[in-house]
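Q: Pasting a structure here, questions to come.
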Amino acid sequence: MKGVLSVIPNVIFNTTTTNSWKFLGVESLTSPNTGALWNQAKYGQDVIIGMVDTGIWPESVSFKDTALGPIPSRWKGTCVEGEQFTQKLIGARYYSAGNPNIPFPFEYNSARDYQGHGTHTASTAGGAFAAADWNGYADGTAKGGAPRARIAMYKVCWYLAGCSWVDMVAAMEDAIADGVDLMSISISGLTDAPFYQDTVGIASFHAMKKGILVNFAAGNSGPELKTTNHNEPWSFTVAATSQDRLLGAYVHIKTIRGSQPGLRFKGTAFTHFPTLTAPLVLASEASIWGDNSAAYCSDSTTLDSSKISGKIVFCLKGTPRESIFDKSENVRLAGGAGVIIGDTKGLANYTLQLSPVNYNIPAAYLTAQDTQHFIDYVKECDLNVCVFRDQEVQATIDPGKTFLQVQPAPKMAWFSSSGPSGVTTNILKPDIAAPGLDVVAAWINGESEFLGISGTSMATPHVAGTVALMKAIHPKWSPAAIKSAIMTSAKTLDNQQHRITNLFDRPASPFSTGSGLLNPVAAADPGLIYDAGPLDYTLFLCSLGYGDTEVEIITGEVNFCSMQKRIPSPSDLNYPSVSVGNLIRPKTITRTVTNVGKAVSVYKVTVEAPKGVKVTITPSTLSFTNTQKTKSFKIQLERTLSVDGVSPESYVFGSFTWSDGVHKVRSPIVVGHTPQ
């Protein structure tokens, strides 16, 4: 067909706070409505955030327009008929042409949110200040990262029908034309398709050309490797972490007879029951078959009601996706009065993904370390034979409460998708990590005006809110400049000053964290930035071996690659991180930084070399006499061991940091061995 470069089949995807902005350092410690960065950015005044999601609940207090002035004159968008919108919520459209499976009339045939997801993400990115709690937990003041920003919602996701590629692209193109300043899209995507087959990524390229940074959720398919979505370098890909708040309850264990002191654990819980004290029984010893088949409480019919009736039952959890709620229901159906669930593989550790489900019996979830202490306590062992003390052990589950300043935090969320990129290992993905566990934000009309839910969907609007603040402070910065500032200023240590860890309590690699935890205050003043634009990304596409037709599909440039005298290496894209997917022989990479700090400044580099790799950076000192001046440097990577001794599909990690004594501009290094 004339004018058609490519025909790509439609795909249906799925969607993937009161404390988090304080945890990230934006909100002051003394007042929920103040903060130095907010003051500097005027709370994101008049920045327009485009949300591509499930719609919005406009009556939520998070979208009140108190004290907001007129809608910015540059805004060209609209609100569809049928809903009431304000100076806060300045745009709302909906798209259904690409999705034939929408269950009308159950869904709203409008931009109104039926599922709650879009309302939640929009309020996290740009919601106004509002008193909030989640059924009595996590009470405080809910707010978005940019409380005075404007919001435009583009509804593309529908109940039971998912989110159509066709509708997403149409929404993104409208958002560009409407005049949004950035987009936040918490919807899954492709993991390994070439960039010219990813129409959503292509729409993101169009946005980048107009100065619009698109923030995407990395996906909830972790912790397996090569599960990260949205791997194009011009987009911002966000992983999920915990925060320093725990919704939990104390669990007490003691023996009825004897002098052995009792134990107290801090378990994760979300129940509203009064204190429960009852005899404790191990599910492994309450099977109707007389074996340990019921240990995981996976089926109520395997539990012997005569052994657990009226008691608190201890169950095990062995895999990340086992449902805590299902285990509690199985215990309840078999006659148990309460349940304690013990993690066996480091899955808990204050990163439990709570479900907005009302539990029907008291329940608590213990970390792997506490689970082992618990098992050691309740069993008597002699010559490696352990016997449960049965009626002699008593348990108490206290009412739930909110614990603050939990340590260690953050930890990577178990579900957060991980790199390396399935498209090219010469770009590190995800880019950045942000709080995505138990995030309390606005919800649709129902039992609760606010709700705590989890996912990389919840992490992404934290980054979008930060980008909105950055746009307010640095309105002329490119999408790449803003990405660079956020990535190079990210934190790599938790609140105990240890490396951020994964669900197994091991240091998390950049394939999980990206550059690290979002650090909005430092991002506003990064010192140096790695800038890039459409030309750089187009050359990068040529370096992947794409032909002129494939590159034209993405960029609109005709015969671009064939006209170039020299095509750079994929690793030479001026990206804030460095990744070499297959280092066999010494390789030299070029990077260029722009001074956005003090005019007269001197930066010196320090290197943390990946294991078995020599890293040489020249020059090792960069001197500037003016702002906006650029300096280039070279990074030479050389293996110190023969590649024959390196396992295939293996990676090592390091970093380098430029510092002038005030700023620390850090970039991760990833070196792989991925033989073709």
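From the backbone N, Cα and C atoms, a Cβ is placed for every residue, glycine too.
For 44-497, the entry in TrEMBL reads domain 'Peptidase S8/S53'. Here TrEMBL flags Asp53, His117, Ser457 as active site, charge relay system. According to TrEMBL, the feature domain 'PA' maps to 277-370. Feature annotation from TrEMBL assigns domain 'Subtilisin-like protease fibronectin type-III' to 572-671.
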Q: Between the Cα atoms of Asp53 (active site, charge relay system) and Ser457 (active site, charge relay system), what distance do you get, rounded to the nearest Å?
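A: On Cα coordinates alone, these residues lie 10 Å apart.
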Q: What are the helix, strand and coil residue counts for the domain 'Subtilisin-like protease fibronectin type-III' (572-671) according to DSSP?
A: 4 helix, 58 strand, 38 coil
Q: Round to a whole number and give the Cα-to-Cα distance in Å for the pair Ser457 (active site, charge relay system) and His117 (active site, charge relay system).
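A: Checking the Cα atoms of Ser457 (active site, charge relay system) and His117 (active site, charge relay system) gives a distance of 8 Å.
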Q: Please give me the CB contact count at 10 A for His117 (active site, charge relay system), counting all chains in the structure.
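A: There are 24 of them.
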Q: Using a 10 Å cut-off, grab the number of neighbouring Cβ atoms around the Cβ of Ser457 (active site, charge relay system), all chains included.
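A: So the number of other Cβ atoms within 10 Å of Ser457 (active site, charge relay system) is 30.
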Q: Per DSSP, what is the residue count of the domain 'PA' (277-370) in each of helix, strand and coil?
A: 23 helix, 24 strand, 47 coil
